[in-house]
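Taken from Swiss-Prot, the feature signal peptide covers 1-33, and the record attributes it to sequence analysis. Per Swiss-Prot, the feature region 'Disordered' maps to 32-59, 228-265. Taken from Swiss-Prot, the feature compositional bias 'Polar residues' applies to 228-257. What Swiss-Prot lists as Zn(2+) binding site is HIS366, HIS370, GLU390, and the listing cites sequence analysis. Under the heading active site, Swiss-Prot lists GLU367. Summarising the annotation, Swiss-Prot assigns active site, proton donor to HIS454. As annotated by Swiss-Prot, domain 'P/Homo B' applies to 640-760, with the evidence given as sequence analysis.
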Amino acid sequence: MRPTPQRRAVATGALVAVTAMLAVGVQTTSANAGQDKAAHPAPRQSIHKPDPGAEPVKLTPSQRAELIRDANATKAETAKNLGLGAKEKLVVKDVVKDKNGTLHTRYERTYDGLPVLGGDLVVDATRSGQVKTAAKATKQRIAVASTTPSLAASAAEKDAVKAARAKGSKAGKADKAPRKVVWAAKGTPVLAYETVVGGVQDDGTPSQLHVITDAKTGKKLFEFQGVKQGTGNSQHSGQVQIGTTKSGSSYQMNDTTRGGHKTYNLNHGSSGTGTLFTDSDDVWGNGTNSDPATAGVDAHYGAQLTWDYYKNVHGRNGIRGDGVGAYSRVHYGNNYVNAFWDDSCFCMTYGDGNGIPLTSIDVAAHEMTHGVTSATANLTYSGESGGLNEATSDMMATAVEFWANNPADPGDYLIGEKININGDGTPLRYMDKPSKDGASKDAWYSGLGGIDVHYSSGPANHWFYLASEGSGPKDIGGVHYDSPTSDGLPVTGVGRDNAAKIWFKALTERMQSNTDYKGARDATLWAAGELFGVNSDTYNNVANAWAAINVGPRASSGVSVTSPGDQTSIVNQAVSLQIKATGSTSGALTYSATGLPAGLSINASTGLISGTPTTTGTSNVTVTVKDSAGKTGSTSFKWTVNTTGGGSVFENTTQVAIPDAGAAVTSPIVVTRSGNGPSALKVDVNITHTYRGDLTIDLVAPNGKTWRLKNSDAWDSAADVSETYTVDASSVSANGTWKLKVQDVYSGDSGTIDKWRLTF
């Protein structure tokens, strides 16, 4: 079996009662505040409701655990179905279940017992376990010549420490001995060491620098930071309800209704857990810095809102989806102007800044989202994936801030607008035009992965704004925005709620550790297609938002016609060519063509060009397709008709059926030429098939010599084969019967060899 595209699943999430108490010193609203709609409406652009079946189920921890057990029980069979090597093993990381029955299982991989960095993948399957599609961080076959390193671990550690010290760490050695891994995130997989060096970065943030070193050559292959940094808003926001627990005669800042999330006071320390906040009367803080509990309430409340947002909007029960809460630490260091998420402690940490602690709604949402990203796609915190990691936290922080609907801190597309980090009242980041901060980028360019992740996040933040609200000037919630596009064309927004759902689905069900901007576009279009339909208004507007930041093309708003490429035929030999087109509206398409070679015509209803060319020469052909709304699309190509017998082109246009998971079939061409074949024999192949990854394709010479033109690929779910292959046929005689041999090796689909051609 191999992946066969389809969809999702159902369960119910248990809702728990909220034990809340009144606290003084932070925002005015309930933790269960609804979506901001009346106060801060998004412009009515093109906002549609998603397909509820494609949305995730609210799984309880026990339901999620059962799905993970099921995945573990079948992971060996899954690995076999995916065609993994004998030394490759799957490790279940997470399972997401959609309301229509599809299961999305996220795996990591090992090779001969070693972790494979960049080997993660997501497999979509039916409720019964039938694999449908899969998305992999790497398409390379995982294999290394040996798992015995040439380089000593001590040498790798020495180089890693040197790299960390160059970034401000004072550490003299690694946190622990380097571990052997297979590095597969970029290029050909190699045996490597991963070394983690601790210490403190230049700004006081803890460091966990991961350095990847080639275990044979000693070359540094990659490095990334394990501690994710972020920012937030003011602590002064009115009264709120927070979740606490009574213990004896006092109360603890321990929210047992949200996985036991606790908030601690570091009291200006920089290590350890700190002291759990307690209070005698369950009234916390006084709204100023004079009471350490004020910052604690802000952080606790922000974590509470973020938990509720993920659960109520996206069906995720906690950061890892297992119902277990993280914890928060406030008053880190002395005047530390930042906040961070740390996987090693499963916690958020907040500094006091320059008199304004970084402990409010959007900073909590930003940091907690780093945890969600780590538990799902685990976007590597470096290069383009690192920028996407940061942008994910900014997007979800913005979504949470709007969802909270707090009048003291209304939602906006500004990051850090109240902490005054710049000292002049300006925000830290702008989503409508990121370059306004002086460092972030508005659009993708080839060098984007080489800058700081907080600035390479700019284009993705810009995409989120454009996808949510659209381009151009507008006022939202009292804030003026004016969002440009890199191609100068307008973008229509799909609504903030829809944009957030699309990104979250892409993050949790499609993206992998090394996803770049192109991969993020692909993932969000997949998610938009699942939720709203491929070629829907929402799908096309999501694509246009990506085009507006220089990632991918604009979506067609009319008819899209696939170019068949230039054609070559033989005079007096029957041919056929199927033109493929899609429209953005329902209804039939109408086909017409100009410039066809004499003897050929096009079927106006089906788009099939057929006939027998009667005259040699080259024609310029244009095919035009019209939909029921009168919109048109076209494609142009050349069609050359050659003479037959002893010529350079030989073709077979007789269709041959390809049975599903059956025996190989062949299509012959009789070549009448003297001498041997050329060193660059061209083989043009046109096959109709709904899942081309099923197919192996071989060319067989008259003497039996065989060339493999195409291997099967369980991950290649695209339809049809229309390719030109080149082989060195200089060692075989050209004269005789050549064969195209095709076999469907996986069950689920069948197809047809439409035609193939040899050009000598």
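The backbone N, Cα and C atoms fix where each Cβ goes, and this holds for glycine too.
Just so it is clear, the model here is predicted, and its values are computed rather than measured.
Between GLU367 (active site) and HIS454 (active site, proton donor), the C-alpha separation comes to 13 Å. The least crowded of the recorded positions HIS366, HIS370, HIS454, judged by other CB atoms within 10 A of its own CB, is HIS454.
Across the domain 'P/Homo B' (640-760), the prediction's mean pLDDT works out to 88. Shown are the recorded positions GLU367, GLU390; the one with the most C-beta atoms within 10 angstroms of its own C-beta is GLU367. Counting residue by residue with DSSP, the domain 'P/Homo B' (640-760) contains 3 helix, 64 strand, 54 coil. Each residue contributes its Cα atom, and for HIS366 (Zn(2+) binding site) and HIS454 (active site, proton donor) these two points are 12 Å apart.
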